[in-house]
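Peer 1: Provided herewith is a single structure, encoded as structure tokens, for subsequent inquiry.
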Amino acid sequence: MAVRMMQGVQAVYLESDAFLVCLNHALSTEKEEVMGLCIGQLNDHGRSDSRLAYAGAEMCTVAKKMEATRIVHIHSVIILRRSDKTKDRVEISPEQLSAASIEAERLAEQTGRPMRVVGWYHSHPHITVWPSHVDVRTQAMYQMMDQSFVGLIFACFIEDKPTKIGRVLYTCFQSVQASKSSEYERLEIPIHIVPRTTIGTVCLRSAIELPGILCQEEQEAYRRIHGLTHLDSVTKIHNGSVFTKHLCSQMSAVCGPLLQWLEDRLEQNQQRLQELEQEKEDLMEELSSLE
């Protein structure tokens, strides 16, 4: 029996509101990497054909499995809080993955669609968009649990030297085992941004929770350092000043633009509501004139 099977993902469709949350999260800090999980659904289509061939008393069964078309649709993301902030590494704890699975189940009940954790994303500040060897091995570990699991990378704070113009690059990948080797290598997956006219409730909540998550990370780091017994008073005062400076920077870089964006969207929604109410009145007048 000969079986041919395609196990990888052929394409990823990322909705624009989820893309916006990922981008805002990646741009929230340029000193450390950030991370999150992607919630969505998998469309897996395929068919199998079986044919029986007889040759005398012998029977040969040939089963052919058509290549399955696996498409990942990402509808929302969950921003994860970092327990250890490092410049070139991010880690997702089993507790965070379990909590994300519970959130996906809750969304599945609300939407009536088979929502699940379909991937993860993280940022690459000031470095290339391509995954590192650690990223490729981490992705391979996730694919051992789910073959359709994908990884997204957002490379930000990249400046074109001649023009001084900043760029943001993004990519989607999976890990495949290299031929004649035990190592893994990246397989780039085509990613498409799906436009949306409105921002979903889940993505809006994630965007609003971002400042609080960043503040919790700073508080945990400060408490961990402040709890050391061998620090003198001057060092503690300095650490407190650094903590205050980081919070003020977050308010300026994250909270302020987020508040302005929400106010702008509220104004747009109010204008749209007035337009719809006026259109309703015009239609009602036209309907009454026909009677």
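Using N, Cα and C of the backbone, Cβ positions are placed for all residues, glycine too.
From Swiss-Prot, for reference:
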{"type": "DOMAIN", "residues": "12-179", "note": "domain 'MPN'"}
{"type": "MOTIF", "residues": "122-135", "note": "motif 'JAMM motif'"}
{"type": "BINDING", "residues": "His122, His124, Asp135", "note": "Zn(2+) binding site"}
{"type": "COILED", "residues": "259-286", "note": "coiled coil"}
Peer 1: DSSP on Asp135 (Zn(2+) binding site), three-state: which is it?
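Peer 2: Note: Asp135 (Zn(2+) binding site) is helical by DSSP.
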Peer 1: Counting only residues 6+ away in sequence within the same chain, which have a CB under 8 Å from the CB of Asp135 (Zn(2+) binding site)?
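Peer 2: His122, Gly151, Ile153 - these are the non-local Cβ neighbours of Asp135 (Zn(2+) binding site), listed in sequence order.
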Peer 1: If one looks at the chain holding His124 (Zn(2+) binding site), which residues at least 6 apart in sequence have a CB under 8 angstroms from its CB?
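Peer 2: The list for His124 (Zn(2+) binding site) reads Glu33, Ile153, Phe154, Ala155, Cys156, given in order along the sequence.
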Peer 1: Quick check: with His122, His124, Asp135 left out, which same-chain residues have Cβ atoms within 8 Å of the centroid of the Zn(2+) site Cβ atoms?
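Peer 2: Once His122, His124, Asp135 are set aside, the remaining close residues are Glu33, Val90, Ser123, Pro131, Ser132, Gly151, Ile153.
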